[in-house]
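The structure under discussion appears below in the form of structure tokens.
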């Protein structure tokens, strides 16, 4: 069997017909808050409302459904940080197939539980590897040994075509309301979504600019297409945006992206966290980190999108509630609202009250106070966390901290120290 490497609009049209009674046609919603904030017309494609709460069902079902009966009977495997696994599990249950699903050990518990829920007895889960790429290597080895069929999360023509049905759906919905779009913002992990969407848009709405969005700590497509002009493997990636933390993109997705994606945006993980909280509080949308990437990119593109009509694909909503504390912490650090210092603190009654009176501003709060080391001397080493009401107050706060302890250490500027102590 010849392995195909080119995706056509015909592939996407055929995938659309296969998926018509399988996936949900998710809403294309006008967003008043973002439209007012950026002085443009912002529409959100709500794939967080899909049956498995992400777009990944489209590609997984399409890729599995084209297998022969003989191939289906041998069973399927996949490697996934969560959402593709849920799509494969849902499909395995629907088609009554055996599936072995490999997931990194860092996968949020919520996503693991959802895979079990969707796949039930049809699915076996193997947790292995710290990153997707390590997990992928183990899955491929297992697939070969057991002569099963690997369902690639992004580097497969049928997976990409399935994701591309999103673009067809967007254009169909827009046509009903006589709309056209100037920009589409979509997240990039391995590149399956951006490849499918860009393929269809460039054929049917060539004036629309396609903007790929990656987390700063895992910008493998940008590094490959723009910087290196060939596929690179990132040595280290930040795994926080787990749905888009891929060290190496696919060769098929790379070839499509370099020809059809107009620009790339890298978004700081802290900015993603701020977007997650903003979407929840302002729009009542529960987005996972990768699902919030497209909206996060608008801040960097605010001049270009003014008075334009744009679509942000909210690619997933599988967020683990147990991560919210970390999300809030990362957001506060990014917004420069929370600050940590190591101080030599007087070990005598009333010292903390003096610190509050002399160092803290009237609207500042102490969020952490912990002795690293108590001694018999006059001072002890303390970690102190301070949350500001306004980030503009930081300079004055640092000045007052220096007066209190000229030898203080500002932890925010040292990522390694922060990870060790906070």
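The backbone N, Cα and C atoms fix where each Cβ goes, glycine too.
The record from Swiss-Prot ties 189, 190, 191, 192, 193, 315 to pyridoxal 5'-phosphate, and of the options 83, 412, 414 it ties 83 to that site too. Every protein chain considered, the tally of other Cβ atoms within 10 Å of the Cβ of residue 191 (pyridoxal 5'-phosphate binding site) stands at 30. Cβ proximity to the pyridoxal 5'-phosphate site centre (mean Cβ of 83, 189, 190, 191, 192, 193, 315, cutoff 8 Å) flags the following additional same-chain residues: 55, 56, 84, 153, 154, 163, 187, 188, 194, 243, 244, 290. If you measure from the Cα atom of residue 83 (pyridoxal 5'-phosphate binding site) to that of residue 56 (N6-(pyridoxal phosphate)lysine), you get 6 Å. Minimal Cβ crowding within 10 Å, among the binding-site residues 189, 190, 192, is found at 190.
In the three-state DSSP classification, residue 189 (pyridoxal 5'-phosphate binding site) falls within coil.
Residue 192 (pyridoxal 5'-phosphate binding site) sits 9 Å from residue 56 (N6-(pyridoxal phosphate)lysine), taking the CA atoms of both as reference points.
Under the three-state DSSP scheme, residue 315 (pyridoxal 5'-phosphate binding site) falls in the coil class.
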